[in-house]
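> So Swiss-Prot says this about it:
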type: ACT_SITE; residues: Lys141; note: active site, proton acceptor
type: ACT_SITE; residues: His260; note: active site, proton acceptor
type: BINDING; residues: Asn89, Thr139, Lys143, Arg261, His293, Ser345; note: substrate binding site
type: BINDING; residues: Lys167, Asp169, Glu170; note: Mg(2+) binding site
type: MOD_RES; residues: Lys167; note: N6-carboxylysine
type: SITE; residues: Lys300; note: site 'Transition state stabilizer'
Amino acid sequence: DILAAFRVTPQPGVPPEEAGAAVAAESSTGTWTTVWTDGLTSLDRYKGRCYDIEPVPGEXXXXXXXXXXXXDLFEEGSVTNMFTSXVGNVFGFXXXRALRLEDLRIPPAYTKTFQGPPHGIQVERDKLNKYGRPILGCTIKPKLGLSAKNYGRAVYECLRGGLDFTKDDENVNSQPFMRWRDRFLFCAEAIYKSQAETGEIKGHYLNATAGTCEEMIKRAVFARELGVPIVMHDYLTGGFTANTTLAHYCRDNGLLFHIHRAMHAVIDRQKNHGMHFRVLAKALRMSGGDHVHSGTVVGKLEGERDITLGFVDLLRDDYVEKDRSRGIYFTQDWVSLPGVLPVASGGIHVWHMPALTEIFGDDSVLQFGGGTLGHPWGNRPGAXXNRVALEACVKARNEGRDLAREGNEIIREAAKWSPELAAACEVWKEIKFEFEAMDTI
């Protein structure tokens, strides 16, 4: 069975048991009245069941309801259908004031009907020939307004300076100031030029997101013809059907697949309504993607750190034990579905490098947008600074030093022999983003 953990906030006067049962029924065979066609099927076999209700500590009005829906209610290999069934109608339900899907358990029998990520972590490392460290990326800014040639130039400078990947911003599709084909060509030129000069494999996440599936495949085909290693998709705005289509194309044609989660906060920001990102992350692993953005943890609160690491493990590991302190409501066995690399991006710079290296470990992508391009000397030194900081942190960690305690010291030592890093350290020494975390247990 597929198990779902909901946080239910019933309307005043509605007991939590009734609200939980209503949620389970609406996600399966129930409707608002008894119908004669009920007699034509075995409702006992197909109905959803609410099997557990517990109070949410510290919140009088809400309860955590765990519902089970039989695997036969879902189409094989379709995340779209899974969500339509599990969360389709029930969120507008009159009896519940608010409803949040906290976690799903996907049984191995259902997991096996999905292709999952086109390649996974190990295959990606082998393709890129990069081992033993996180992968470095950078989003090209300003995200809108550059011409294709200048955009390609920015890409080249970053890759030449020492980054592994650069990235199209999620909003860069094919706008009047830069059509997709021109961008693809100039970025491919930047990739090949920087590869030839550095002897490392480089890539640029070419955003193939478009208005129709056919147009997306057309862009992916063009990327494959250019011989570039990776394309990108906005999986929530593009939709799961489009995402799975593109993921299948990527596996068949040897393209890596980077996933951006634009629009996720619309769904996962509220504590009492919507869906937690760990559900969207699980869905992405089934639908297919080699990288997915997953927040940064750095500079925020500890509570959020555990929760973020919870869904990061759900993305990377084969088997994840139930652990309520990290927000994981069910044990999840992925049965050999390839892993997804979590991408840390958003407001990070060289001073965060020790923390990022420690928190995310080697299997991750660290993405610095402004943290590369904001360097006072330009993109290439900015990229060089990030690479030096990363190598210093990995080396220190391998020597057994404590990155959490000695992080700043490690960066300062490295800055002594890298003027680029020293300049970066100077620029970003005071910047902090101090806000309360939304996502606490």
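Indices start at 1 and increase along the chain as displayed.
Including glycine, each Cβ sits where the backbone N, Cα and C put it.
Note that the structure is a prediction, hence the values are computed from the model and not measured.
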> Determine, using Cα-Cα distances only, which of these recorded positions is closest to Asp169 (Mg(2+) binding site): Asn89, Lys141, Lys143, His293, Ser345.
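Going through Asn89, Lys141, Lys143, His293, Ser345 one by one, the Cα closest to that of Asp169 (Mg(2+) binding site) is Lys143.
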> Might you list, by sequence position, any residue in that chain lying six or more from His293 (substrate binding site) with a Cβ less than 8 Å away from its Cβ?
Ile259, His260, Arg261, Pro342, Val343, Ser345, Gln367
> For a quick check of packing: other C-beta atoms within 10 Å of the C-beta of Ser345 (substrate binding site), how many?
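I get 20 for this one.
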> Let me make sure I understand the structure: which of the binding-site residues listed (Asn89, Thr139) has the fewest other Cβ atoms within 10 A of its Cβ?
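It is Asn89 that, of the binding-site residues Asn89, Thr139, has the fewest other Cβ atoms within 10 Å.
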> Give the distance between the Cα atoms of Lys141 (active site, proton acceptor) and Glu170 (Mg(2+) binding site), rounded to the nearest whole Å.
11
> For the binding-site residues listed here, Asp169, Glu170, which shows the highest count of neighbouring CB atoms within 10 A?
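Of the binding-site residues Asp169, Glu170, the highest Cβ count within 10 Å belongs to Glu170.
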> Output, ordered by sequence, the same-chain residues six or more apart from Lys143 (substrate binding site) with a CB under 8 Å from its CB, or 'none'.
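In sequence order, the residues whose Cβ lies under 8 Å from that of Lys143 (substrate binding site) (at least 6 apart) are Asp169, Asn171, Val172.
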> Quick one: what's DSSP say for Lys167 (Mg(2+) binding site), helix, strand or coil?
strand
> In whole Å, how far does the CA atom of Thr139 (substrate binding site) lie from that of Lys167 (Mg(2+) binding site)?
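Here the two Cα atoms lie 5 Å apart.
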> Would you identify which of the recorded positions Lys141, Lys167 has the most other C-beta atoms lying within 10 angstroms of its C-beta?
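Max Cβ neighbours within 10 Å, all protein chains included: Lys167.
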